[in-house]
Every structure is written in structure tokens, then in C-alpha cells.
Amino acid sequence: GCFYSGDVNADPDSFAALSLCGGLSGGFSLDGAEYSISPGGPPGGRGDPVERTHVISRRRVANSTGWVVRGPPRRARRFSSVPRFLEALVVADASMAAAHGDDLEHYLLTLMAVVARLYRHPSLRNPVSVVVVGVVVTGEAPRGPRVSGNAALTLRDFCSWQRKLNRQSDRHPDHWDTAMLFTQQDLCGATTCDTLGMADVGTVCDPQRSCSVVEDDGLPTAFTAAHELGHVFNMPHDNVKACRDVFGTLQDHMMSPTLVQVDGGRPWSACSAAILTDFLDRGHGDCLLDRPQKHLSLPAGPPGSAYNLQRQCRLAFGPASRPCPFTPPCSKLWCTGSARGQAVCQTRHFPWADGTGCGGGRVCYRGTCIAKNSTSRPKVQVNGRWGPWGPYGGCSRSCGGGVQLARRECDNPAPENGGKYCHGLRLKYRSCSLRPCPDTGKSFRKQQCEEFNGLKLNTTRLGSSVTWVPKYSGVAPEDQCKLICRANGTGYFYVLAPKVVDGTPCSPDTPSLCIQGRCIKAGCDGRLNSRKKFDKCGVCGGNNQGCKKVSGRFAKPIRGYNFVVTLPVGAANVDIRQRGYRGMSSDENYLAVKDCRGHYLLNGGYVVSAAERDLLVRGGLMRYSGTSPAVETLRAVAPLQEPLTVELLSVGGMTPPRVRYTFYV
């Protein structure tokens with residue numbers, strides 16, 4: 001084929017797409033810059049078109065409409081606090097239009113103003129700005145999404161509906177990052193109708209699923225909306241085991257499973273802040289880096305200044321509801337209603353809205369009645385500043401190249417009154433324990449997989465004696481720092497831990513290391529920020545002069561297993577290819593590998609693997625393509641620490657094979 005894609009020098013943050021037809025053309029991105037490649041010689045020139053002169057030029061990035069992209073790069077610096085902007089589309093269904101009439105847009109923007117203030121609070125420990133890029137009022141289906149009491153179905157239909165309307169390019173001025181549907185429909189979950197909202201978890205940059213549905217419940221609906229957005233930002237409920245194990249019991253925060261009251265001084269729990277930080281540090285919020293080019297203004301005043309106590313009761317409990325008399329001001333909103341024909345007072349335990357008058361020229365603030373002038377005077381915004389770096393912690397490994405971490409907090413001072421959260425690095429790291437580990441024949445990742453030996457994972461497909469080995473082939477670059485292990489002898493694999501231990505190599509054929517779930521560049525000497533690389537001889541920091549290239553081919557087999565080549569100890573950059581024939585599903589020739597004891601590691605016993613496989617050998621890893629591709633390949637980058645024999649299994653019609661091999665030794 002003509003077309004190839006991959007990365008640049010195994011850099012996980014790079015990308016390359018090239019065509020070899022009629023000369024080398026295409027492009028690649030590296031270190032945040034984009035480059036294009038085009039043939040430089042005249043068309044139709046003699047010789048191999050790939051060997052002609054080519055022009056490489058750096059490309060200026062612009063979108064298809066011609067306006068230049070502004071703002072920060074599309075990938076945030078790792079472990080940094082950077083401004084992020086959640087561009088939200090606010091959608092109201094017909095029931096909302098009927099209930100709120102001409103005040104609908106103002107009401108929705110009032111709710112979103114509260115949401116925006118909550119996300120600017122320093123307890124979130126991240127600078128997130130929620131902006132509204134549009135308000136849409138829909139009719140009944142088919143023009144609008146189908147809304148029913150089934151919250152899950154409503155969410156699914158709304159997500160599909162908004163996806164069709166959204167602009168595909170995140171850089172388009174009319175694009176939104178998330179869509180929020182507000183409805184007066186009573187939403188029901190799987191077992192009860194106490195559900196006030198629903199959203200999928202961790203979907204903020206997924207155009208198909210970054211959406212939420214919220215049941216209108218009066219001004220406290222703002223807290224429901226912020227809660228559902230928290231799920232979109234990957235935050236679980238505060239009572240999940242992962243939160244309890246680390247942070248203990250958490251109460252009165254935005255991600256409580258039941259929103260009864262929220263601590264106004266610290267609306268976000270430490271668990272929510274930590275999970276959001278980790279989520280963003282792993283690159284899942286990079287769609288939020290572009291600054292919005294246009295957005296709607298949100299009301300600046302507190303919601304109680306626009307909606308008095310009477311309107312708050314009507315919004316929460318219906319047009320006939322009124323404030324209950326003789327109730328203490330501000331702490332809880334008590335409103336009239338009826339039950340079994342009797343007049344009752346009812347509450348949802350939320351306080352009166354901030355800014356609600358509470359008598360004597362005083363107003364409510366965080367559930368307390370205070371002097372009005374203390375809230376009406378403009379408060380001085382205090383921008384946050386970083387405190388000093390903390391000490392480096394312990395080394396993550398005792399040998400083999402570990403990592404030490406140091407952190408700093410935005411508390412010198414902490415932001416106040418809507419001031420900006422700190423920007424810049426929040427975590428730094430350095431190498432430690434670089435001496436080699438004793439040679440046990442097991443990689444550090446394999447040791448982590450083996451800690452789960454015997455774990456059956458509630459499945460009948462695995463026996464009680466299951467052993468786990470690392471899985472490398474088929475793992476996406478963004479998942480390399482998860483502990484993905486395969487049940488040995490099977491094709492079943494699982495994520496056994498969300499992160500490998502810091503200092504674990506991202507893969508056997510790159511020196512880059514995992515830190516806090518992200519793949520960070522390191523030199524072949526195991527040092528972070530080192531520029532040392534393996535040369536083609538497999539020598540760290542070498543000059544390609546200490547070895548020779550060995551190459552050959554094999555084309556005349558006999559039926560059965562045929563010797564092709566022995567890969568000696570020290571063989572590096574091994575590349576073996578068996579090229580099939582166009583139009584043939586199989587040429588019945590298959591690569592095989594056995595160790596120095598004669599045991600087959602690959603395709604022995606006349607049984608071949610159609611799927612890609614990892615061969616764990618001393619010194620690293622060999623990647624096998626499987627027999628399915630037209631070109632069957634076997635590759636290894638690091639120098640082998642044991643000799644291996646490569647064979648060719650020929651069966652069937654004995655189609656002549658086309659095997660080529662190269663390595664350096």
C-alpha cells in the first residue's frame with residue numbers, strides 16, 4: 001500500500017501520516033509543531049521517487065473557514081494548572097417554556113451563573129470557567145429530543161439529538177463542549193423517581209456523550225446541574241469506596257449522592273478535586289483549552305435578588321405554593337403544599353437563595369441572615385498564588401529507575417471572591433534509584449501483573465490458578481500507563497489497575513516512563529529529561545559505529561519447519577518480514593520462533609496465531625503481527641539477552657515465501 005501512519009521516534013505525543021506513491025508526501029507533528037513533506041524534484045524524474053529530493057516545511061495551523069486559531073496549544077502541559085473553558089449549550093424542552101414563559105432564558109442563565117460560580121471555587125483546585133454559548137428551546141419530538149420519565153432513555157436520545165446539531169470542529173465558534181437539557185418532566189431511575197438528573201461519567205470531550213439531563217426543581221436546580229456536570233468531568237459520588245479509602249467520610253459537598261445541603265465555604269470535596277485533577281492531567285480535558293469566541297452574559301447578582309421568597313416557593317413547589325410563616329429565615333426554604341387534602345409545610349432542605357431579603361434590611365448568604373451592606377459592597381477579588389514547593393517524597397522503586405514527586409498548593413494566598421486560581425506546574429518529578437535491579441527475568445510491569453495471580457474477576461472463563469502477564473500489543477498510546485494484563489494462555493485481558501507504579505516503562509521498546517498515569521519522556525539511561533537514545537546497535541548514547549547490519553532473505557523452503565536465521569545475543573532493531581501475495585488470503589507460510597532450548601515461543605506444533613502477539617523474551621519484547629496482515633512481521637528494538645532461532649513453517653500448496661530479515665549486532 002501507499003499510505004502509512006504512526007509516530008515520530010516512538011514519541012507518544014507525535015503523529016505521522018505519509019504516502020509513498022509518486023514520491024514521499026504527507027505530514028507529521030512533533031513537539032506541538034506541524035510539518036508537511038512534498039517531493040522537491042520534477043514529476044516523472046528518473047529513479048526511485050522516494051529517493052528524490054523532498055521539501056519539509058513547517059505549517060501554520062488554520063481551520064477550514066480561514067480564521068486563525070488563537071489561544072493555548074491543544075495539548076496541556078502535563079501536571080499543570082491551566083485555564084479551561086467548558087462551552088455549554090443550554091436546552092429547555094416544551095415543559096420548561098410552558099412553566100416559565102418569557103422569563104425562561106433569564107431563569108436558565110441565573111441557574112448557570114450559580115453553576116459557573118461553583119466551578120470557579122478554589123476547592124475545585126482547577127481553573128474551570130463554565131460559559132454558555134447558546135440557549136435553545138425545543139418543541140416536541142421529532143423537532144426536539146424525546147423526553148420521558150425514563151431518565152436513561154431521555155439522556156440517550158438527548159445526546160444523539162445534540163450531536164447532530166453540534167459543529168464537528170472544536171475550534172468552530174458555534175461548537176459546544178457539553179449540552180444540558182432542562183425539563184419539568186419527573187425523571188425516574190431504575191428503581192425510583194427520586195432522580196433529579198443523569199449524566200455519563202468522564203465524557204466531557206466525547207462529542208457523542210458529553211451531555212446531561214436535569215429536572216427543574218426551582219433555584220436549587222443549579223446544584224443539580226453542577227452535580228451532573230461533575231459526573232461529566234469524571235467525578236463519582238463522594239461515598240464510593242475509592243473516595244472513602246483515601247479521604248474518609250465526606251459530607252455536604254457537590255458530589256454527595258443525595259444533595260441535601262452544600263458547604264458554601266468548600267463546595268467540592270478533596271476527592272472530587274483530586275479525581276478531576278488526575279482526569280485533566282491524563283489529557284481528558286484538552287478540548288477545553290480553547291477560549292470561547294462568543295458566549296452569553298450571565299447575571300452578576302445573587303439569585304435571590306431576582307427571585308424573591310414567594311417566587312422561590314412557586315418555582316420549587318408549584319404556582320400555588322407560598323412561604324410558610326413562622327419559620328426561621330435563610331436556613332431552609334419551607335413552602336406550603338398539600339398532602340391527603342391537608343395543608344402542610346414542605347422543604348427540600350436547601351436554604352433560601354443567596355441575596356433573598358430576610359427582613360430589617362438584611363439578606364441571606366449561605367443560609368445565614370446578614371447585613372445587606374456586607375454583601376452589596378463589591379468584594380475585592382484575590383487572585384491565588386502558589387505556595388512553596390513541598391519536599392520530594394519517597395522513591396517509587398528501590399532499583400531500576402524510580403520517580404520522586406514534589407507538589408505545591410495554590411494557597412499563598414488562596415483565591416477569594418471569584419479571584420483566579422493559580423496557573424502553572426502543580427507537580428514536579430525527578431529520577432531516583434537508578435542502579436539496575438537484580439536480573440530475575442521479569443519486567444517491573446510483569447511483577448505488578450503477577451500480584452493479581454489467582455484473581456478470577458467474577459468470570460467463569462478463568463480458572464482459580466490464573467496467572468497474569470503484561471499485554472502490550474493493541475494497547476492504545478493513551479492506555480500504556482494502565483496496568484493491562486492478559487490471563488496467560490488465553491486471549492482475555494483486563495485493566496487490573498488504573499495506573500502502573502511510577503517509573504514503570506511505558507512499553508518495552510521505549511525508554512519513556514509512566515508518572516501518575518502519563519507517559520513521560522526519559523532517556524535510555526533511565527533518567528527523566530535525559531536526551532540519551534539507543535543507537536541502531538542498541539547502545540545507549542552510542543554513535544551507530546559499534547555494530548554491523550546483518551540482512552538476508554529466505555525463499556526456498558521444504559514442507560514443515562525451515563531454519564531462517566539465528567538471532568544472537570545482542571541483536572538489536574530486529575525486523576523480519578514475510579510478504580504475502582496480492583489477492584491471496586494466505587500463502588501458507590508462517591514465521592516461527594524458538595528459544596535456545598528448542599521450545600517454541602511462536603507458532604510451534606503446527607498451530608499458528610492469526611492475532612497479534614507479544615513475545616516476552618530476555619531483554620525485552622518481540623512484537624508479532626499475527627498471520628492476518630498481508631505482511632507478517634516480527635520486530636524487536638532492544639538488544640536480545642538470549643539467542644533465538646527464527647524458522648518458517650511452510651504447508652499446503654508450498655507457495656514460494658518472501659522472507660527478509662535485518663538486525664544489528
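Heads up, residue numbers simply count up from 1 along the chain you see.
Glycine residues also receive a Cβ, built from the backbone N, Cα and C atoms like all the rest.
In TrEMBL, annotation is done automatically, which means it is predicted and not curated.
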Among Asp170, Asp174, Asp206, Asp216, which is the one TrEMBL gives for the Ca(2+) 2 site where Glu87, Asp290 also bind? Asp170
Of the listed cysteines Cys243, Cys313, which one does TrEMBL record as disulfide-linked to Cys271? Cys243
So Cys422 is in a disulfide according to TrEMBL. Which of these is its partner: Cys410, Cys432? Cys410
According to TrEMBL, which residue among Cys345, Cys369 is joined to Cys358 by a disulfide bond? Cys369
Per residue, counting other C-beta atoms within 10 angstroms of the C-beta, which of the disulfide-bonded residues Cys211, Cys243, Cys432 reaches the highest number? Cys211
In the same chain, which residues outside the set Glu87, Asp170, Asp290 have their CB within 8 A of the centroid of the CB atoms that define the Ca(2+) 2 site? Phe85, Arg171, His175, Trp176, Asp177, Cys287, Leu288, Leu289, Pro292
These are the disulfide-bonded residues: Cys330, Cys395. Which one scores highest on other Cβ atoms within 10 Å? Cys330
Take the domain 'Peptidase M12B' (84-292) and average the pLDDT across it for me. 93
What are the sequence-distant neighbours of Glu87 (Ca(2+) 1 binding site), meaning same chain, six or more residues apart, C-beta distance under 8 angstroms? Val131, Val133, His175, Trp176, Asp177, Thr178, Pro292, His295
Rank the recorded positions Cys159, Cys188, Cys287, Cys313, Cys422 by the number of other Cβ atoms within 10 Å of each Cβ, and give the residue at the low end. Cys188
Could you measure between Cys287 (Ca(2+) 1 binding site) and His227 (Zn(2+) binding site) for me? Cα positions, answer in whole angstrom. 20
Identify, in sequence order, the residues in the chain of Cys399 (disulfide bond) that are 6 or more apart from it along the sequence and have a CB within less than 8 Å of its CB; answer 'none' if there are none. Ser433, Arg435, Pro436, Cys437, Pro438
In three-state DSSP terms, Cys358 (disulfide bond) is classed as strand
